[in-house]
Amino acid sequence: MLQTLYDYFWWERLWLPVNLTWADLEDRDGRVYAKASDLYITLPLALLFLIIRYFFELYVATPLAALLNIKEKTRLRAPPNATLEHFYLTSGKQPKQAEVELLSRQSGLSGRQVERWFRRRRNQDRPSLLKKFREASWRFTFYLIAFIAGMAVIVDKPWFYDMKKVWEGYPIQSTIPSQYWYYMIELSFYWSLLFSIASDVKRKDFKEQIIHHVATIILISFSWFANYIRAGTLIMALHDSSDYLLESAKMFNYAGWKNTCNNIFIVFAIVFIITRLVILPFWILHCTLVYPLELYPAFFGYYFFNCMMGVLQLLHIFWAYLILRMAHKFITGKLVEDERSDREETESSEGEEAAVGGGAKSRPLANGHPILSNNHRYQSCSSCPQSHPLQSQRRWSGYHHCQPP
């Protein structure tokens, strides 16, 4: 049974053009061809990448974060409460008003205390700025090195300048050591990203990221099996050309260098649009869709490879939409932020708690009440010849705030 499945899976008609067999791709006369067994090494290499990443984040990214004054922020922890914890884990992290009232009765806490508990509990699960910086530093380092290495692998090849040469002699195209290691390292890295995605910072496009990693792994693996190596190296280098720019923009954003972040982001947006929405569909996809048919009839491998390329292209369009949204915010004067990230609740929520709780104690008092910020809008008072912040009338709505209660 297993042998039958194995034979069907490796049937030449699935992977190779007509009139060609696996025997045509056996090593001979000093020429080495890609083999499926070559990819076994990528799994232990992926584990090695995870180990290297751990030490990189500990001994490189963390000291760099300290130099940029990025530190772990102390967050107030939610006190132990079995009732609220069970609801948080099973029913949701943001209870509705009716659920807050029910939980208030069950736990013996006030409604405001329940809301505060859930806010603090959500903040405990949010990734810290330091964690985000470490991850961005690791990806930036890899993508930059991979892009430089990828260009070194393909820049001197004739098919880098003439796409038709990608298919010259296909599939009888031998591989060279630089192509081998470029493939193994790229595939190992994407395996490591897939292994660590559950523990990494979770973004709004979490599902799209999983689809991207799986599609990339399948695409790289298949292109190796079917000897689409020349096209594969072009595609991988094209993707790496913009990824390191995005990660560097994130690093500067976490460090608070907003202007540098915005400038790098603009460069990234331009490179991304050109490479993913122009070069990839109109050069690379044209190369993989049109030129092969001039040499041999379409076969399953041809359709499969281009379908996976189509999945990646759809993801690029989705991310281009997010990038254009961020670019619009930049043009209209708003700070650039990663549209894929959940907005941080920590700063605003803790500030709210300070206002409700002990925050008023740290502000100077006037007539026993906190003096409000000068940034508030003022309005003339009907009860006295003074101007007071609008917020003060909302805050002390039960009595005139100039008079004792």
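Each Cβ is built from the backbone N, Cα and C atoms, and glycine gets one as well.
Taken from TrEMBL, the feature transmembrane segment covers 45-68, 140-160, 210-229, 264-291, 303-324. Here TrEMBL flags 71-128 as domain 'Homeobox'. For 73-129, the entry in TrEMBL reads DNA-binding region. According to TrEMBL, the domain 'TLC' annotation covers 131-332. Sequence annotations record features per position, and here TrEMBL assigns region 'Disordered' to 341-371, 383-405. The compositional bias 'Acidic residues' annotation in TrEMBL covers 344-353.
Each residue in the domain 'TLC' (131-332) has a pLDDT score, and their mean in this model is 91. Here the transmembrane segment (45-68) has Cβ contacts under 8 Å with residues 130, 133-135, 137-138, 141, 184-185, 188-189, 191-192, 195-196, 255-256 of the same chain, all six or more residues outside its ends. Counting residue by residue with DSSP, the DNA-binding region (73-129) contains 36 helix, 0 strand, 21 coil.
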